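So that you can see what the record holds, here are the features copied from Swiss-Prot:
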BINDING   81, 123, 124, 492  Mg(2+) binding site
BINDING   122, 195  [2Fe-2S] cluster binding site
MOD_RES   124  N6-carboxylysine
ACT_SITE  518  active site, proton acceptor
């Protein structure tokens, strides 16, 4: 059996100094020998998705200690992508994922912790912690802060649900008065929690359920609802049981790499496709898989996207549906249940809470006769409708569940929104290593699109062009040098896509970038173009007026320019020497921290992870 890692610091005469320090943190004589559980919290007052997490670490710690473990809490950083959006702050968002992964690894390994509870929520925090858990491969449980309630307001005489994207789009729409914009601003983000649509944060928290690393409801139970408290309490006692299983019974099946196998990643990606999750999930799943040496690639995503249907559309794809509605329809377990009925997932895999995913679905899929009364009550949890920054502050219930699988929020395969899924991988000369589009957010009329390129060397230039009416219907906006290396940091293009909507061009234009998109983006928005411009990708050679062909059903993205012309452009680019493959006339200060990130990062097709082997090749 593997020895408890913590005994490196708690046992033996030579560790008297370390034990003395442990005692100074509150460890008692009788505690030595118990498993030490690291509680990685991500509380910050900067982020609504994390503002309510301050006491969550101690809530988990309380349960750990009741179960016979020693709990030690620490914090990671957390960046709010919405606040960092549209200015230089967004350059730091994706690189923060690596910092979060490193910080968890550093704390856990430096102090020889035996197991880990990850309290995450927003965009880069869950992926960063997932990367760390696969790296460390010690017993781990994930529990997130939960989604915020959708805002509710009267807009142009119509009562409707609102979210962050509504505030952004409407603010740039001249048809709305300053007073109307202010009302929307004050109501769009009503409570603590991750933004209320199927954006990156909620997508990733849903995927932890499919990976088997969190409890049912982790991705959909509202942050404000009292039922969410049980997820934190379950995490505390479950992690102690898992630690004992591994260290005392030699049960390696409880380790992250044993749970999050290739088949589990395929389940997670199938869920993502079925629910039209954020395109960022592709980037993050690839990165997490690499940390665990799981051979999950863009080719797997392409394969799955061709036969997994779109069973659920949530904001921004469907403006009147938010995470609270997904929860009422049975949450992730209900979507997985429909995928299981269609024979599209593997339910023999273990989870942290059940011997198999199939057993979990029997208990938690509200469409099954075997679904427990506990689960049915759990999924009736409703929004409270009161602005708050306090977790567990209300206990409202819907009178009934949404079990309509024909026209409801979650559909069966026979009544799917589309026969292929909500995400697609496009290949072609413009993206030989792949690119990603959220098809759930694309209007059917533009699934095939041919247009002239309008090229911008940065997000800022694209925003100025769109707002300055430089972009016309039928054009393909190209935003380049915004990839992991070229940005650096791979900014989200939420403002360009939002402003295209504001200008009435959301269904009339396409946008292609080597950057990425917010989970709130929709429209014909194609990102993650690989290779990126800064590494010699063809996107760097596109010129304004070139014809671009996009065919989502055939998974094609093509620059329709003669090979001889492309070869000539390539030669002229190479002739620039040190200035080659760099943006022209872009004035952007780049800090040393970002330069270090750019020096080691890979492109989006590899998850934009660090490749330290680059140092050996220099």
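Cβ coordinates come from backbone N, Cα and C, glycine included.
Its own atom aside, the Cβ of residue 518 (active site, proton acceptor) has 30 Cβ atoms within 10 angstroms in the protein chains shown. Apart from 81, 123, 124, 492, the Mg(2+) site neighbourhood in this chain, defined by C-beta within 8 angstroms of the site C-beta centre, holds 79, 84, 90, 93, 94, 122, 200, 201, 280, 518. In the three-state DSSP scheme, residue 81 (Mg(2+) binding site) falls into the helix class. Minimal Cβ crowding within 10 Å, among the binding-site residues 122, 492, is found at 122.
Of all the binding-site residues listed (123, 124), 124 has the fewest other CB atoms within 10 A of its CB.
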